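Engineer: Please find one structure pasted underneath; my questions will follow.
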């Protein structure tokens, strides 16, 4: 679905490339020297697009996605906070993905010399009065989205408790990967792990396969997962390498045929072209004492499948 006409402007305060969508919501465009590209909406702090230096879109967006706040758009990388899924008192996946974020002009630097190698934007979310009525905790949520010179996409979330008492939350980067054919995709790095099966009342099972492949609906929380996993797309001969920190779980979701037909913002056959692989803190909530800060990092890179061996052995991230 076309997202309509953009209005281009450069923010003189930050030299960011900013566009406005047809609802007037600002989006920030990040570019790498080699031509990779990412677009981040202030609606939800959501990454809407990530393209490699050949112009290929790497994130899935439904052709039936609704681009109208406050509803979150079906695709890209919605931010799930302060609740992942529906295992709590809040709306599905929390409210952060439905709010308008602000550019964070006074962000504390995360790294020295970081801007030399990355194109970045810093966003901030603070609770509205309505948020405090349903979730009475004061927080500051800072999000940095970066595109490296090699086209790797990274998201760093920092949640600070500015409350007078502790609070707990769950979290997820709900990452819609674009794949050629779901039946030709496999995930490596989750072998032998325990998972909670959301299709069986969160019953706990142990993964038996050498790799995860897909032939029916899947909705699982792999607990205590390694910090590097790989999603191999056999037909496109490319691999997504997912690196994470501060996020113990990986959530794997594909709605398959029957469920796809029940979702109004999702095409009946689109399950074949997407796979959600979410770095998350879903099984056990994160608890912050007053003044404490939590950091959760995600880095996505795309490599030719022939070059993938060895990536799962690399401990470093971002």
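Glycine residues also receive a Cβ, built from the backbone N, Cα and C atoms like all the rest.
The substrate binding site feature in TrEMBL is assigned to 74, 92, 97.
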Engineer: Around the substrate site formed by 74, 92, 97, which additional residues qualify by having Cβ within 8 Å of the site's Cβ center?
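Structural biologist: Here the non-site neighbours turn out to be 71, 72, 73, 78, 80, 93, 98, 174.
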Engineer: Is it possible to get the count of other C-beta atoms within 10 angstroms of the C-beta of residue 97 (substrate binding site)?
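Structural biologist: Its Cβ shell of radius 10 Å holds 22 other Cβ atoms.
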Engineer: Under 8 Å between C-beta atoms and at least six apart in sequence, can you list the same-chain neighbours of residue 74 (substrate binding site), or say none if there are none?
Structural biologist: 61, 62, 64, 65, 66, 176, 263, 265, 266
Engineer: Given a separation of at least six residues and a C-beta threshold under 8 Å, show me what packs close to residue 92 (substrate binding site) in the same chain.
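Structural biologist: For residue 92 (substrate binding site), the qualifying residues are 85, 86.
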